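In case it helps, TrEMBL gives these features for our protein:
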DOMAIN    A:14-294  domain 'Protein kinase'
BINDING   A:L20, A:G21, A:E22, A:G23, A:T24, A:Y25, A:G26, A:V27, A:V28, A:K43, A:K44  ATP binding site
ACT_SITE  A:D136  active site, proton acceptor
REGION    A:300-335  region 'Disordered'
COMPBIAS  A:311-325  compositional bias 'Basic and acidic residues'
Amino acid sequence: MSENDVEKKVADRYLKREILGEGTYGVVYKAIDTKTGQTVAIKKIRLGKQKEGVNFTALREIKLLKELKDPNIIELIDAFPHKGNLHLVFEFMETDLEAVIRDPNIFLSPGDIKSYFQMTLKGLLVCHKKWVLHRDMKPNNLLIGSNGQLKLADFGLARIFGSPGRKFTHQVFARWYRAPELLFGAKQYGAGVDVWAAGCIFAELLNRRPFLQGDSDIDQLGKIFHKLGTPTPSQWPDLEWLPDFVEYSSQTAQPWRKLCPTASDDALDLLSKLFTYDPKTRITVQQALEHRYFTSVPLPTDPAKLPRPAPKRESHNPRTSDLHEGPTVLSPKKKARRVMPDREVFDGNAYHVDKIDQHGGEIRWAAGDNTSRNEQVPMSVDFSIFGAKPMSRPTINSADRSHLKRKLDLEFQHPE
Amino acid sequence: MAANFWNSSHYKQLFDQEEVDVVHPLDKEKGITLEDFKLIKMHMVIPICKLAQSVKVRQRVVATAVTYMRRLYTRKSMSEYDPRLVGPTCLYLASKAEESTVQARLLVYYIKKIYSDDKHRYEIKDILEMEMKILEALNYYLVVFHPYRSLPQFLQDAGMNDISMTQLTWGLVNDTYKMDLILIHPPHLIALACIYTASVYREKDKTAWFEELRVDMNVVKNIAMEILDFYESHRLITDERVAAAFNKLKP
């Protein structure tokens, strides 16, 4: 290959191009996969300052993305160490949902909104089915590819859940997308936190501006209650038991019709279910996808036909011609994705009374309720069996063994 | 992710016994036999447990670490991947993957405390370098399912969830990590084999319960047999035998 100063191959395979932005844990740059000709985005993961090897957040992302393969989830194509740093190779995505929402030149039809939101929920459903909480749902983590496919990205905060009783941190999500149970300090929470955030994204798609823009955790709750009303004990019985519960002066909910003036009745019904206060009765992603909103007209727009921001650089298709081209200078604006751009703060307009619709699903995540409790009990025992003197004290003495083996063999002479 | 073992990377990566029982050519050159190979892997579990005890991590982390170690040696040689470094590094990686991170310097501190000999002179940078190598060798697949998760549910369903039975089966599951079972069988079958072994051991007839399960009892029985074989051969292993196996790895 030509040893151009700027063009160099990483790991004998990737032709490095311009820097796309600064990620949560390192630089992201564009590259060409010489093996496939595909444009990719490579995250170079800085090794931690505290000499802690592979960044913990990066490791989470790798671990989960290796398990989650779906058209609506970003694909981790490859990972490799290079000069002591770990590099993650992702499919290259043209833009993200935040750029779409913010672009004043883009008109989103009801079908377009439906399509973008449906893809968001589909990606989320795959996560929840695999017991993964995303925990950082927001428009700029929803990337959009050249074919209009929306994909969930940035799994750096994601976690496996489903061990009831396991405590998690409530410091997750960008504040505007944080569910009320998190703002009240809940440490045991479930898929509902992603559902709330999805609701915020839906409202943001409809209104073209962030729905609940608090400037502190306290203010965030204030913004929520201002629009949706303070939750009553019947709406959310467990509320007062949450660690950081504080009472707010009572406010009544504004009608959804006023909160999202352009939305259809079906959309408003779905919204009200996504914004159910009690996480136990909040709609699940599966139920949301089955909501009539998605089957009523207008149907979701075909992803390939969705409006996207006009490419700021190359006017031609980058995939076909990039291979033999010199590097292009990049307008850094294109993908300073991880940095929250300054957004105007809109104050919720004051409207009055309505009641929050609280139909909802059954209690979720009840399965396997006893696991973690039982897990605690034997923990103290097991090391004495296994750890300290394992070779001299196996659980079953071998003296018992021949007798046992005979018995084992006899009992299932004729297995079904 | 309990509900989804069947579409996990763990399931897709299950091995056949014959694939696991291959001594790497580089190790073979040094005279390592299949028996040595198994013995060394079994003995690597001990320092992993000792370290885990010192740094206080959950049993699950130990189990994941041992699984990483066993997976690693299906692909890489012990000559290139020194067991004395691989053990602690697997624990380090597993602690991150299982969300209970242990600092590398703490591991190094305890390694030095537990082993004063100069075979264990490893520093933080050695662990971090090895971490990257192991990650690569594992092809970045880090999610592992364990029998511990289904064990209490099975015990409860079988009406055997008393303390004594729970402790016995839990201990049996722990011991299965001294074998390669976790690389070969789905974890819930390992759990059932442990329950089966325990029920026979405690002379509780659970045949009816087992027959109602929709699992291949032949597989469960075979795993149980293997567990018993392990306990049998265990008795015959002397410290000298283990030391001899490790000595062959010397450069």
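The backbone N, Cα and C atoms fix where each Cβ goes, and this holds for glycine too.
A TrEMBL annotation is a machine prediction, not a hand-curated record.
Note that the structure is predicted; figures quoted are calculated from it, not measured.
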At a 10 Å cut-off from the C-beta of A:K44 (ATP binding site), count the other C-beta atoms across all protein chains.
19
For A:E22 (ATP binding site) and the residue listed as 'active site, proton acceptor', what Cα-Cα distance in Å is obtained after rounding to a whole number?
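The Cα atom of A:E22 (ATP binding site) is 17 Å away from the Cα atom of the residue listed as 'active site, proton acceptor'.
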By a simple count, how many Cβ atoms lie within 10 Å of the Cβ of A:E22 (ATP binding site), its own Cβ left out?
15
Taking only the Cα atoms, work out how far A:G26 (ATP binding site) lies from the residue listed as 'active site, proton acceptor', in Å, as a whole number.
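For A:G26 (ATP binding site) versus the residue listed as 'active site, proton acceptor', the Cα atoms are 18 Å apart.
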What is the Cβ neighbour count of A:D136 (active site, proton acceptor) at a 10 Å cut-off, with all protein chains included?
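There are 21 such Cβ atoms around A:D136 (active site, proton acceptor).
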About how far apart, in whole Å, are the alpha carbons (Cα) of A:L20 (ATP binding site) and A:D136 (active site, proton acceptor)?
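Each residue's Cα considered, A:L20 (ATP binding site) and A:D136 (active site, proton acceptor) end up 21 Å apart.
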Just to be sure I understand the packing, how many Cβ atoms besides its own are within 10 Å of the Cβ of A:G26 (ATP binding site)?
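Counting Cβ neighbours of A:G26 (ATP binding site) within 10 Å gives 19.
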Mean pLDDT for the domain 'Protein kinase' (A:14-294), rounded to an integer?
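Taking every residue of the domain 'Protein kinase' (A:14-294) together, the mean pLDDT is 91.
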Note down the number of other Cβ atoms within 10 Å of the Cβ of A:L20 (ATP binding site), including every protein chain shown.
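Taking every protein chain into account, the count is 22.
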